[in-house]
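Undergrad: Have a look at this one.
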């Protein structure tokens, strides 16, 4: 694999990672049914994947060129992707523990898992991720080694090094500290927790079949709780498959220095695989989780496809501005310089207000009637929701909301 092919694939992954994970965050923002503690951790994971596309992949491409830089500047580029990897691992671990509590001790879930605690845990995870990933910046690096053929090029000025990952980040840090302590151990812990989740669920289902007890959870309720655990277990498994190959190569490089170094094409492939994991999660949400899938469709139809059609139709430009009032939201449109509230033909625009916060524009005196659950638009329609929802203390996985959503299900 040539460097040009590697760079092209990395750029495609970056774009897909940004778009897909922005869609995840957007879905949680606009759909109150998705605003629960579990999905707060999902948003944290999506934020790390967005940062991979925005920062980590450009940094990796830059390092692959072997440019000349100050050692600590190169070190920051090399270590930042480790910060995001660590944040992803911590997010997956918190999601796993959240699901374990919901299934094993559901009656105590509301008291143990609250929004305030979830936000605090997310903040702690990000602080720890930066501390672990940027540890080489504090001295555990190769910058203090004498400059030789390994980490210095004659083409670089004095005080600069050829910026390559293995030349500035020591392999003992990558293997013992980063991989063994903070990648492998959390992955094994998640594996053990998911095994306990599925074994406990299987045992409870067998008890329900043999001797149903009054007051126990129904079979359908338990299955609704196990289904998201399966989806999240798939995400953890794919994360392990994507990140382990590169770490295994690092182990071979460290424990067998006399062995031949991995060929460039294999290094490129494992790096692409580790970054490609950032694209996978939104696809799993869309395929496995109904509420996410429906919200994705509404976003794409309402904010992408219909807007494109409006801009193409007749060359008429429309600018929409929303003014908030205590009773709800109002919409005023200006078409081709005409004042707000008046169409080009002189007829008045009469926006229909609804108590639930949704606003429906009237086009040419004709009402664009829609049901509450339909997010498709008529000729001109602005769909807005005043109330973004609050984080429910009880997970929607156990008690589905009245609107029929189910968080991560």
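Here the Cβ of each residue, glycine as well, is placed from N, Cα and C on the backbone.
Annotations per Swiss-Prot:
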type	residues	note
TOPO_DOM	1-4	topological domain 'Extracellular'
TRANSMEM	5-29	transmembrane segment
TOPO_DOM	30-39	topological domain 'Cytoplasmic'
TRANSMEM	40-63	transmembrane segment
TOPO_DOM	64-74	topological domain 'Extracellular'
DISULFID	68-156	disulfide bond
DISULFID	71-143	disulfide bond
DISULFID	74-163	disulfide bond
TRANSMEM	75-97	transmembrane segment
TOPO_DOM	98-117	topological domain 'Cytoplasmic'
TRANSMEM	118-140	transmembrane segment
TOPO_DOM	141-170	topological domain 'Extracellular'
CARBOHYD	142	N-linked glycosylation site
CARBOHYD	151	N-linked glycosylation site
BINDING	166, 250, 274, 275	adenosine binding site
TRANSMEM	171-195	transmembrane segment
TOPO_DOM	196-231	topological domain 'Cytoplasmic'
TRANSMEM	232-255	transmembrane segment
TOPO_DOM	256-263	topological domain 'Extracellular'
DISULFID	256-259	disulfide bond
TRANSMEM	264-287	transmembrane segment
TOPO_DOM	288-409	topological domain 'Cytoplasmic'
REGION	316-336	region 'Disordered'
REGION	369-409	region 'Disordered'
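Explain the structural surroundings of these features, please.
TA: Sequence-distant contacts of the topological domain 'Extracellular' (1-4) (same chain, at least 6 residues past either end, Cβ-Cβ under 8 Å): 64-65, 264-265, 268-269.
Long-range neighbours of the transmembrane segment (5-29) within the same chain, counting only residues 6 or more positions beyond its ends whose Cβ lies under 8 Å from a Cβ of the stretch, are 35, 39, 42-43, 46-47, 49-50, 52-54, 57-58, 60-61, 64, 268, 271-272, 275-276, 278-279, 281-283, 285, 292, 295-296, 299, 388.
Cβ atoms under 8 Å from those of the topological domain 'Extracellular' (64-74) belong to residues 3, 6-7, 137, 141-143, 151, 153, 155-157, 159-164, 168 of the same chain, restricted to positions at least 6 beyond its ends.
Long-range Cβ contacts of residue 156 (disulfide bond) within its own chain (separation 6+, distance under 8 Å): 68, 162.
In the three-state DSSP reading, residue 143 (disulfide bond) counts as coil. Note on residue 143 (disulfide bond): other Cβ atoms within 10 Å of its Cβ, all shown chains, come to 17.
Reduced to three states, the DSSP call for residue 163 (disulfide bond) is coil. Less than 8 angstroms from the CB of residue 163 (disulfide bond) sit 62, 63, 66, 67, 68, 69, 73, 74, 77, 78, each of them six or more residues away in the same chain.
Note on the topological domain 'Cytoplasmic' (98-117): its mean pLDDT in the predicted model is 91.
Listed as Cβ neighbours of the transmembrane segment (118-140) (distance under 8 Å, sequence separation of 6 or more from its ends, same chain) are residues 37, 40-41, 44, 72, 75-76, 78-87, 90-91, 94, 168-170, 173, 177-178, 182, 391.
Over all protein chains present, the Cβ of residue 142 (N-linked glycosylation site) has 18 other Cβ atoms lying within 10 Å.
Residue 274 (adenosine binding site) has a Cβ environment of 21 other Cβ atoms inside 10 Å.
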Undergrad: Could you check what DSSP calls residue 68 (disulfide bond) once collapsed to helix, strand or coil?
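TA: Once the DSSP labels are grouped into three classes, residue 68 (disulfide bond) ends up as strand.
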Undergrad: From the Cα of residue 250 (adenosine binding site) across to the Cα of residue 259 (disulfide bond), what is the distance in angstrom?
TA: 12
Undergrad: Once near-sequence residues are set aside, which residues in the chain of residue 166 (adenosine binding site), 6 or more away, have Cβ atoms under 8 Å from its Cβ?
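TA: Within the chain, residue 166 (adenosine binding site) has Cβ neighbours under 8 Å at 253.
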Undergrad: With the transmembrane segment (75-97) as the reference, find which of 40-63, 232-255, 264-287 contributes the most Cβ pairs under 8 Å.
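TA: Comparing 40-63, 232-255, 264-287 against the transmembrane segment (75-97), the winner is 40-63.
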Undergrad: Which one is it: of the binding-site residues 250, 274, 275, whose Cα lies the shortest distance from the Cα of residue 142 (N-linked glycosylation site)?
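TA: Minimum Cα distance from residue 142 (N-linked glycosylation site) across 250, 274, 275 lands on 250.
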Undergrad: Just to be sure I understand, if DSSP states are collapsed into helix, strand and coil, how many residues of the topological domain 'Cytoplasmic' (98-117) fall in each?
TA: 17 helix, 0 strand, 3 coil
Undergrad: Please spell out the DSSP helix, strand and coil residue counts for the topological domain 'Cytoplasmic' (30-39).
TA: 7 helix, 0 strand, 3 coil
